[in-house]
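Novice: There's a structure below that I have some questions on.
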Amino acid sequence: MLSALESILLSVATSEAMLGVLGNTFIVLVNYTDWVRNKKLSKINFILTGLAISRIFTIWIITLDAYTKVFLLTMLMPSSLHECMSYIWVIINHLSVWFSTSLGIFYFLKIANFSHYIFLWMKRRADKVFVFLIVFLIITWLASFPLAVKVIKDVKIYQSNTSWLIHLEKSELLINYVFANMGPISLFIVAIIACFLLTISLWRHSRQMQSIGSGFRDLNTEAHMKAMKVLIAFIILFILYFLGILIETLCLFLTNNKLLFIFGFTLSAMYPCCHSFILILTSRELKQATMRALQRLKCCET
């Protein structure tokens, strides 16, 4: 049985997960409709669709995993099925971070304004940059996946033999976990760099506008601000997501604190949920589609 606080926290986390599924499904449907209507899928819509689909899978996997651990259903679930879920999560999580980073790079190349020849080369050859990101995804995935397999195998051994914990140092567990996530972490660092460069670009642009005596925000400034909101939100939420997964992992190995585990689940569910709604609110097309959907719902009610 769960305590009152545990039940409330689990309800909050579950609500986050369901809202995340709805928000990301909405993004997929809007972009799919646009694809069918225009007979083509733009680069930004491809990234947003891939990001939304990967997050839907992420939400279902972390929710199912959390419920099986909270209600001790892992004993009833075949170990091979749980292991398979873990491998799927590793792949989907990597893809989700890659799509988020690609979105940040897309905003950076489209909006930022630098005179450096490397930036100008990247801006003119955005398609090649996209191919490079795919290669980077494969390399980081191949580098981190073997360690992820080791961590998953360690969890499987631990669940079948609790005395194994004696041979595992806390520092070793933490190091293995961090290195197993080096792929997503390296992509996350690229997103931070893109956000930092966008900030510099905005600062330079603001100084330029002040020097010509303009007291109003122009379209370039608005574009900078929207892109930075998306990137900063991603950075903050991904840190919370990473901490949440880390808390869940440490609870599995080092303590049997169910409340702390559910708190970790609540943190991890915030990232795929909240960021999807931030994307909707900062995208003109998605915001317009949301308003149309709300108007239709009002018409149905009347």
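Positions of Cβ are set from backbone N, Cα and C atoms, glycine also.
Not my notes, these are from Swiss-Prot:
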- 1-7: topological domain 'Extracellular' (TOPO_DOM)
- 8-28: transmembrane segment (TRANSMEM)
- 29-43: topological domain 'Cytoplasmic' (TOPO_DOM)
- 44-64: transmembrane segment (TRANSMEM)
- 65-87: topological domain 'Extracellular' (TOPO_DOM)
- 88-108: transmembrane segment (TRANSMEM)
- 109-128: topological domain 'Cytoplasmic' (TOPO_DOM)
- 129-149: transmembrane segment (TRANSMEM)
- 150-182: topological domain 'Extracellular' (TOPO_DOM)
- Asn161: N-linked glycosylation site (CARBOHYD)
- 183-203: transmembrane segment (TRANSMEM)
- 204-229: topological domain 'Cytoplasmic' (TOPO_DOM)
- 230-250: transmembrane segment (TRANSMEM)
- 251-259: topological domain 'Extracellular' (TOPO_DOM)
- 260-280: transmembrane segment (TRANSMEM)
- 281-302: topological domain 'Cytoplasmic' (TOPO_DOM)
Novice: Go through 44-64, 129-149, 260-280 and flag the stretch with the largest number of C-beta pairs under 8 Å relative to the transmembrane segment (88-108).
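Specialist: The stretch I would name here is 44-64.
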Novice: Are there residues at least six beyond either end of the topological domain 'Cytoplasmic' (29-43) with Cβ under 8 Å to its Cβ atoms? List them, or say none.
Specialist: 49, 52, 106, 126, 130, 285-286, 289
Novice: Summarise the topological domain 'Cytoplasmic' (29-43) as counts of helix, strand and coil residues per DSSP.
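Specialist: Once the DSSP states are binned, the topological domain 'Cytoplasmic' (29-43) shows 11 helix, 0 strand, 4 coil.
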Novice: Treating G and I as helix alongside H, and B as strand alongside E, what does DSSP give for the topological domain 'Cytoplasmic' (281-302) in helix, strand and coil?
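Specialist: DSSP composition of the topological domain 'Cytoplasmic' (281-302): 20 helix, 0 strand, 2 coil.
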Novice: What same-chain residues lie close to the topological domain 'Cytoplasmic' (281-302): Cβ under 8 Å, and 6 or more beyond its ends?
Specialist: 26-27, 30, 34, 48, 226, 229-230
Novice: Using a Cβ-Cβ cut-off of under 8 Å, list the residues of the same chain that are 6+ residues beyond the ends of the topological domain 'Extracellular' (1-7) and lie near it.
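Specialist: Answer is 70, 258-259, 262.
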